[in-house]
Amino acid sequence: MSAAEEGLGGGAPREAAAGQSPPRERGADGPRAQLPPTPPGTDEKAGTFPAAEVKRRRPDEEEGEGVALLLTEAEGDDAEEAEGGRGGDSPAAAAVLSAFSALRWWRRRRLLSVSPSPLGTQCCPSAPARSFVHCCHGGAKMAALAYTLGKREINHYFSVRSAKALALGAVLLLAVCHAVSRRYQGDESCEYLLSSGRFLGEKVWQPHSCMMHRYKPSEAKKCLEDKHIAFIGDSRIRQLFYSFVKLINPQIKEEGNKHGNIPFEDKSSSLKVDFLWYPEVNGSMKQRIKSWTEGSSPKPHIIVAGAATWSIKIHNGSNEALTQYKINITSIAPLLEKLAKNSDVFWVLQDPVYEDMLSESRKMITNEKIDAYNEAAISILNSSSKNSKAKVKVFSASRLIAEETISQSTDGLHLPESSRETNAMILINNHCNKIMKPIDGSCCQPRPPITLIQKLAFCFFSLSIIGYLILLLIRRNNHRKNKPCTDMESGEEKKPATSTPAVSTIETLLQSLCKLGVIMGYFYLCDRANLFMKENKFYTHSSFFIPMIYILVLGVFYTENTKETKVLNREQTDEWKGWMQLVILIYHISGASTFLPVYMHIRVLVAAYLFQTGYGHFSYFWIKGDFGIYRVCQVLFRLNFLVVVLCIVMDRSYQFYYFVPLVTVWFMIIYVTLALWPQIVQKKANGNCFWHFGLLLKLVFLFICIYFLAHSQGIFEKIFSTWPLSKCFELNGSIYEWWFRWKLDRYVVFHGMLFAFIYLTFQKQQVLSEGRGEPLFPNKFSNVLLFISVVSFLTYSIWASSCKNKTECNEMHPSVSVVQILAFVLIRNIPGYARSVYSSFFAWFGRISLELFICQYHIWLAADTKGILVLIPGNPMLNIIVSTFIFVCVAHEIFQITNDLAQIVVPKDNAMLLKRLLCVGGLFSGLLFLSSVQ
């Protein structure tokens, strides 16, 4: 039997040879365990879960598919599950099924092997037939039977469809709650930036509901160019002045007259920052402020003022001093309001003190007195703002920061440097975010303007929804007309002349577009409309490794037997993609990129995806020899559909979703390499070493081209800077990001292709033993190779963990990443028992891994992956649970929509397909034209 007939292609065959029925797999003790019949009323297509995974084969499934569509190929039963939004196993019931997980060990030991009969075959041959009582494992049988029935009962109530309905209800409820909250509490994030927040960790401040950008000196200079900034107040304001100036020039030193004015000027940006020594709110301060309002002195663009502790100290904390403070600030408030019409004016409230550390001369400065002065300032400034359209911004977040850090003060009065830096960063975010518009600085940023293309997309999806609703009404009316009726005289039921037609292509199309429109609306609300809150990431070891342990435990609990035991079979590659995708998601949401050892291992996971791309597509083309345009369009559509829609709806460039352009380009490289003359496929090469040698020459030529491009950045940039490629691969007007991403994993796809060629050749020559439970090679050789693989795997991990410089490690990565990938493949496939099982939990996620990777940008993370989406403020753990649940449901639904639309948009008829391609080309031409003119 040929390799193609054996279904070896892509490492993950989906069917037996054409015209043959798949062989019945048997366990060690007889037929494999079968599940009892589905309870009455259970819809098997409504969705099942990993632990109860039951897959069916379609007659039109193709061999050699494997991982050929990296991350998302939905052939065979995946496509069947996607039909009409039905089917699919969901980890949403994982927590519910965990109560049964203790029984999994017994099941893996094959203590029970249930036959098609109600009670099953005896596990103890010595026990009387049909006797559970005398069987030594009768308790295990009953427990496993209860486990199976329990799973089915749970699946009856917790299907994928019901999970998605619950997610939709949660989204609507949360959207209403956030809209009402913003309606009554205001949606001005600047107020939250200045008034509230919390520490995520040491020195990491998180404002309430928004993200704070950390400005670099170059960014600060660009924002504050030609500006004049004035700090006016006491010694605490002087320290804030120095911290602010250090954001512009980190080399500045705190020196000069402590009780006098201190100027600073940056000539390169024409920026001037002054500190004016006015330790009390009195006539002198009023006169200075009045000179700005009258124009006798240049009016600053930003004014930061505040004072009180000096008055408390000089007047020994007397009540008369507080009364005079109220009088003075009342007279100054109207002047500040007048300045606030054209300038940013901040009044800094007094920070608490650490009374135990105060010197004797400052003992009268108590927190009780400070609170009294702050209350007076807030009351007077707020009442003054009510009578004016302009508003003095009360900076009260400084007090919250000081409450956490004042114990680190050296004198009990002045804040430590890290706290002052945070205060300065808040001030510059308040002023510069609306000017610089940093992605990770959502505080004080207005909602981005809606582009013409976005408006057209909104109209398109709105019309699709309306069209689908109209079609539903027409269909319902037809159904009522065709409903059977009973003849009043004879009492016989009369059937309608015509039956209700099946779901039409146009209805499937409108239904898919309707659902996609609703989902895109959710994307826009999450990451563009500022309806939901966003927070910064903060990395801790526990935030990364604890979720890793949790998903590992779940993955082990949901272990099943594979349908095939070949190397990199379909279930195994789905599992591989699934656990890697979950690790990458945890890596992104925990902000683990700041920890270099984790970063280097994640780079290997990304390389492993590309390795599967080379392996899977090469296997398909080598075995099937199908180089038709239909295959190419199917792959390109499934890889790019979601990204193209997001580029339109979210107003982002194609290169922004860097991984999809990467796998798309590599797919085309693989296709061109193998499709060019001479086309060498397995059937042609059978028994002829010349063709094998010819294919090796093709691969060597590909390697040379990759090596040449990797060392010729100029040529690479010329190729991809040419219109229209520049529209796809430029990011912010530069091709550098695409160059960096391509170069980082430039050899791993070639390695995947070479591995596929060697493996399929060995398999054809029957060098490998791929039976259930059998080692891949003879025992001694398998043990040696397994030992070498484990050592290689650990050696790479030790090297990656010892990396000190990210740039140097990235330079080494393209050459050494394949070591750990191959080591993992061999460890996973040499032992027969490891090759015969897989985790259905991980495999479920593997089938939707592309959608998970792309959707995370906007509906799980936020601010284009720079932050975290906050659906439930104030409870980070509950927020992660809810947002993750919705995120997974949305990704699964998009996976099904993509497969439904692929059947419509990419027909098998070549003539019709060419017409569709012309339409798509016209559509993209129109989009390019609109993007250039808006």
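Backbone N, Cα and C atoms are what each Cβ position is placed from, and that goes for glycine too.
What TrEMBL says about this protein:
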- 205-254: domain 'NXPE C-terminal' (DOMAIN)
- 436-917: domain 'Cas1p 10 TM acyl transferase' (DOMAIN)
- 1-65: region 'Disordered' (REGION)
- 72-91: region 'Disordered' (REGION)
- 452-474: transmembrane segment (TRANSMEM)
- 538-558: transmembrane segment (TRANSMEM)
- 578-599: transmembrane segment (TRANSMEM)
- 606-623: transmembrane segment (TRANSMEM)
- 629-649: transmembrane segment (TRANSMEM)
- 656-678: transmembrane segment (TRANSMEM)
- 690-710: transmembrane segment (TRANSMEM)
- 744-762: transmembrane segment (TRANSMEM)
- 782-800: transmembrane segment (TRANSMEM)
- 842-861: transmembrane segment (TRANSMEM)
- 868-894: transmembrane segment (TRANSMEM)
- 914-933: transmembrane segment (TRANSMEM)
Proximity verdict for the transmembrane segment (914-933) and the transmembrane segment (452-474), three or more C-beta pairs under 8 Å: yes
The transmembrane segment (452-474) vs the transmembrane segment (629-649): 3 or more CB pairs under 8 Å: yes
Non-local residues, at least 6 beyond the ends, that sit with Cβ under 8 Å of the transmembrane segment (744-762): 3, 8-9, 11, 567-568, 603, 606-608, 610-619, 622-623, 662, 666, 669-670, 682, 692, 695-696, 699, 702-703, 706, 709-710, 768, 810, 813-815, 817-818, 821-822, 825
Dominant neighbour of the transmembrane segment (868-894) in 606-623, 656-678, 842-861, by Cβ pairs under 8 Å: 842-861
Listed stretch, out of 578-599, 690-710, 842-861, that has the most CB pairs under 8 angstroms to the transmembrane segment (656-678): 690-710
Close approaches to the transmembrane segment (782-800) from elsewhere in its chain (Cβ under 8 angstroms; 6 or more beyond its ends): 597, 600-601, 604, 775-776, 809, 816, 819-820, 822-824, 826-827, 830-831
Whether the transmembrane segment (578-599) meets the transmembrane segment (842-861): three or more C-beta pairs under 8 angstroms: yes
Cβ-Cβ under 8 Å with the transmembrane segment (690-710): same-chain residues at least 6 beyond its ends: 669, 673-674, 676, 678, 680, 684, 716, 743, 746-747, 750, 753-754, 757, 761, 814
Stretch-averaged pLDDT - the domain 'Cas1p 10 TM acyl transferase' (436-917): 92
